[in-house]
Amino acid sequence: MGAVMGTFSSLQTKQRRPSKDIAWWYYQYQRDKIEDDLEMTMVCHRPEGLEQLEAQTNFTKRELQVLYRGFKNECPSGVVNEETFKQIYAQFFPHGDASTYAHYLFNAFDTTQTGSVKFEDFVTALSILLRGTVHEKLRWTFNLYDINKDGYINKEEMMDIVKAIYDMMGKYTYPVLKEDTPRQHVDVFFQKMDKNKDGIVTLDEFLESCQEDDNIMRSLQLFQNVM
């Protein structure tokens, strides 16, 4: 995923190439297109057509090509399993333990619950997280927190996610972190979200609470930065 995010961050630079030599530009485009076609035929899993993914996401075809190259570089087979996903994700958080949060994040990406994440799964989630509406991002976050996928978030699920995030950030990010800080954080947020006090947070309660409380929204945006 490191290569994927790296290539994505450089998209704007690549898109601003000077167009002084049209013939050279056309040659480069045709060469890249041939390379893309060859790449598509050499992997074990061939993703959906880029036109279809372009229609389903907020990325252009060219951006999808760049993202695909990065994904294939990290995952030559065209899919990534949980163990590989954890190894890649751990590289971004060397001072903490990212394994538990990576497990939850992997399950959120693996929408079909097959035990592997395809390029389509990855780019669809990335599209929501980077360019989705506030509503789309909140729905995706709710699904992440709903660990057992029963349509609700209970306090222990929220606690598991928040603690995993604190563990991942490590001691250098939180030098004076007390052991009960995650629990206190969850207690405050859950009390605000569980509006009818039935011990669970529904999607509607989650959406309403997040959009009406700036503190919750800021915290979620902070947590989304580690996705």
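Note: Cβ is positioned from N, Cα and C throughout, glycine not excepted.
A 10 Å cutoff on Cβ-Cβ distances gives Tyr152 (Ca(2+) 1 binding site) a total of 18 other Cβ atoms nearby, all chains included. The feature Ca(2+) 1 binding site is assigned by Swiss-Prot to Asp146, Asn148, Asp150, Tyr152, Glu157, with experimental evidence given as support.
Per Swiss-Prot, the feature Ca(2+) 2 binding site maps to Asp194, Asn196, Asp198, Glu205. Taking Cβ-Cβ distances under 8 Å and a sequence gap of 6 or more within the same chain, the neighbours of Asn196 (Ca(2+) 2 binding site) are Glu205.
The domain 'EF-hand 1' feature in Swiss-Prot is assigned to 38-94. In terms of DSSP helix, strand and coil, the domain 'EF-hand 1' (38-94) has 35 helix, 3 strand, 19 coil.
Marked as domain 'EF-hand 2' by Swiss-Prot: 97-132. Applying DSSP to the domain 'EF-hand 2' (97-132) sorts its residues as follows: 24 helix, 3 strand, 9 coil.
Swiss-Prot lists 133-168 with the feature domain 'EF-hand 3', giving sequence analysis as the kind of evidence. Remote same-chain residues near the domain 'EF-hand 3' (133-168) are listed as 93, 96-98, 100-105, 107-108, 125, 174, 177, 181-183, 185-187, 189-190, 193, 199-203, 206-207, 210-211, 220, 223-224, 226 (criterion: CB distance under 8 Å, separation of at least six residues from the stretch ends).
Per Swiss-Prot, domain 'EF-hand 4' is recorded for 181-216, and the stated evidence type is sequence analysis. Cβ atoms under 8 Å from those of the domain 'EF-hand 4' (181-216) belong to residues 134-135, 138-139, 142, 145, 151-155, 158-159, 162-163, 166, 174 of the same chain, restricted to positions at least 6 beyond its ends.
Positions annotated as region 'Interaction with KCND2' by Swiss-Prot: 214-227.
Within 10 Å of the C-beta of Glu157 (Ca(2+) 1 binding site) there are 21 other C-beta atoms, taking all protein chains into account. Calculated from their C-alpha atoms, the gap between Asn148 (Ca(2+) 1 binding site) and Asp194 (Ca(2+) 2 binding site) amounts to 18 Å. The two recorded residues, Asp150 (Ca(2+) 1 binding site) and Asp198 (Ca(2+) 2 binding site), show a Cα separation of 15 Å. Confidence over the domain 'EF-hand 3' (133-168), given as mean pLDDT on the 0 to 100 scale, stands at 95.
Counting in whole angstrom, Asp146 (Ca(2+) 1 binding site) lies 16 from Asp198 (Ca(2+) 2 binding site) by their C-alpha atoms.
Taking the mean position of the Cβ atoms of Asp194, Asn196, Asp198, Glu205 as the Ca(2+) 2 site, the remaining residues of that chain whose Cβ falls within 8 Å of it are Met193, Lys195, Lys197, Gly199, Ile200, Val201, Thr202.
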